[in-house]
Amino acid sequence: MKLRRIAEAKLPTPFGEFLMVGFEEIATGKDHVALVFGDISGTKPVLSRIHSECLTGDALFSLRCDCGFQLEAALSQISKEGRGVLLYHRQEGRNIGLLNKIRAYALQDQGLDTVEANLKLGFKADERDFTLCADMYNLLGIHEVRLLTNNPKKIEIMKEAGINVVERVPLIVGRNPSNAHYLDTKADKMGHMLFKKAQ
């Protein structure tokens with residue numbers, strides 16, 4: 001177990017009232033949160049989203065990615081379901097950090113795609129550690145999920161970590177002219193299950 005559960009409080013949102021649960025990485029002190037909606041106890045699989053932190057998309061309304069659109073859509077779907085969990089995985093920029101993400105954006109402005117930009121900066125295409133999310137699920141008492149994702153890597157890692165993903169629920173929102181190439185690159189080079197534009 002890499003995390004410990006630290007604190008919780010009610011979080012009213014436009015989608016209804018969630019319980020915000022805070023976790024801390026034991027080794028680093030870095031924090032992560034889960035937003036819990038409704039009663040997640042029992043044996044029925046829980047609708048869930050693993051959402052990696054994206055300051056630019058989640059808070060600054062960037063159109064370069066689909067993150068903000070996915071965050072809003074996931075919270076809305078969980079609310080409509082009546083129960084569910086969003087894990088807010090604080091690994092900004094696929095875990096290269098905000099400043100390196102800005103550097104990667106600058107390289108993309110020069111014509112590199114999102115994967116090429118990460119590699120040019122000396123990183124892997126995706127540096128995230130999703131095993132932390134399995135720890136969050138376990139600390140919340142969740143063992144079976146219906147996962148809102150387009151990323152097969154998340155499903156694979158959750159299953160390897162003992163979380164049973166019984167269904168993948170697609171979350172395809174927010175495509176626009178500013179992020180179309182980015183989304184196509186995620187589909188082509190990272191295996192994300194997205195509908196591409198007509199060729």
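Here the Cβ of each residue, glycine as well, is placed from N, Cα and C on the backbone.
Swiss-Prot lists Arg49, Ile50, His51, Ser52, Glu53, Gln70, Glu92, Gly93, Arg94, Thr114, Thr149, Lys154 with the feature GTP binding site. According to Swiss-Prot, the Zn(2+) binding site annotation covers Cys54, Cys65, Cys67. Residues annotated as active site, proton acceptor in Swiss-Prot, with sequence analysis given as evidence: Asp126. Residues or ranges marked as active site, nucleophile in Swiss-Prot (evidence: sequence analysis): Arg128.
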In terms of Cα spacing, which of the recorded positions Cys65, Cys67, Asp126, Arg128 are within 10 angstroms of Arg49 (GTP binding site)?
-> none
Recorded positions near Cys67 (Zn(2+) binding site) (Cα-Cα within 10 Å), from His51, Glu53, Arg94, Asp126, Thr149 = His51, Glu53
Please report the DSSP secondary structure of Arg49 (GTP binding site), reduced to three states.
-> strand
Within 10 Å of the Cβ of Cys65 (Zn(2+) binding site), how many other Cβ atoms are there?
-> 21
Same-chain residues at least 6 apart in sequence with Cβ under 8 Å of the Cβ of Arg94 (GTP binding site), in sequence order, are Ser52, Asn118, Ala125, Asp126, Glu127, Arg128
Per DSSP (three-state), Thr149 (GTP binding site) is coil
